[in-house]
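Going by Swiss-Prot, these are the annotated features:
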- 1-104: region 'N-domain' (REGION)
- 34, 86, 158, 160: Mg(2+) 1 binding site (BINDING)
- 47, 70, 158, 231, 233: DNA binding site (BINDING)
- 94-121: region 'Disordered' (REGION)
- 122-253: region 'I-domain' (REGION)
- 179, 181, 233: Mg(2+) 2 binding site (BINDING)
- 336-344: region 'Interaction with PCNA' (REGION)
- 354-377: region 'Disordered' (REGION)
- 361-377: compositional bias 'Basic residues' (COMPBIAS)
């Protein structure tokens, strides 16, 4: 789920924190990708006649097809992906996981009703909501990525928090996920829509945490409290508090503690035994692997093993897989060129000189003529 309404809130209150880009603009960038989120997307999106793709043995292959081809697309555009997999969910997430299971069961009932009525649109709609990612899907995804030469990181807990840790450690440029709580975990740069199919023509949204904090005029702790008020995976929020009011309350009272002390109990319902402090600590000090000594390596794909796994075991086309392997090898050759900005450090002095030069150029253009009028050029 992530954080309810955070993307729109940032667009409304801190628009300078968002920009849109084409995938080619990330050439040479290393990106930590929320693997579980991506695999779940592929299970929902990569389908045939409304059903997940399967091989002759009836095994699901949507996740493998999506992972293989979308990863190749990123690599062809010069991106170096690192896939981060979820570990054990935190105790605070148990309520959210139970709600998700209830929603899946309800969707299953609605899908069955749609089948009885022959309603194709609703069959597809509700069937997608019943999709569940299994440990087997994740293990197969890891195997595929390693054979492709793409680094895999196993998070001890939440993948988004591990991605954020990699960004903070300078190991990667950004976190690639659809879950906005990557920002709440402290990822300074977050990319949405990175693993979407090219056919959807969705620009990549790039969020900058630092800009959001500056424009909102919030500290990181206040931003986390805002996210808890909006609604997160780890606890309920105060009933009656929407995004606009949440911003106003943080601006006025600065913390959830003071909000709870001052708001009207007649207007707003604060959850009993509300574990917002535990949720706050989870965002501030998540369970992650230390990244400082972590070595991320992109290696040559193992063509023979990929053919064995995807063709012999999973029923993919050998010609397509071998062409994919060729694309990976070619992409590795071009991505090693790196980005131009990785060779230089832009200092504040350099920025100031550039600004001063622009001012001087502006003065020259605006030089008045003898009669006090501006010269035409």
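Any Cβ shown, glycine's included, is placed from N, Cα and C.
Remember, predicted model here, so these are calculated numbers, not experimental data.
When Cα-Cα distances from residue 34 (Mg(2+) 1 binding site) are compared across the binding-site residues 70, 179, 181, the shortest belongs to 179. Mapped onto DSSP helix, strand and coil, the region 'N-domain' (1-104) counts 55 helix, 21 strand, 28 coil. In the set 70, 231, 233, none of the binding-site residues has a C-alpha within 10 Å of the C-alpha of residue 160 (Mg(2+) 1 binding site).
Using residue 233 (DNA binding site) as the reference Cα, a 10 A cut-off selects 181 from the binding-site residues 86, 158, 181. For the region 'N-domain' (1-104), the predicted model reports an average pLDDT of 87.
Here the binding-site residues are 34, 179, and the one with the most other Cβ atoms within 10 Å of its Cβ is 34. Within 10 Å of the C-beta of residue 158 (Mg(2+) 1 binding site) we count 29 further C-beta atoms, all protein chains included. Between the CA atoms of residue 70 (DNA binding site) and residue 179 (Mg(2+) 2 binding site) there is a gap of 18 Å, rounded to the nearest whole number.
If you take the Cα of residue 231 (DNA binding site) and the Cα of residue 179 (Mg(2+) 2 binding site), they are about 13 angstrom apart, rounded to a whole number.
In this view, residue 70 (DNA binding site) is surrounded by 22 other Cβ atoms within 10 Å of its Cβ, with every protein chain counted.
When secondary structure is read from DSSP and collapsed to three states, residue 233 (DNA binding site) falls in the coil class.
Shown for the region 'I-domain' (122-253): DSSP residue counts in helix, strand and coil, namely 68 helix, 16 strand, 48 coil. Counted within 10 Å of its Cβ, the other Cβ atoms near residue 231 (DNA binding site) come to 22, all protein chains included.
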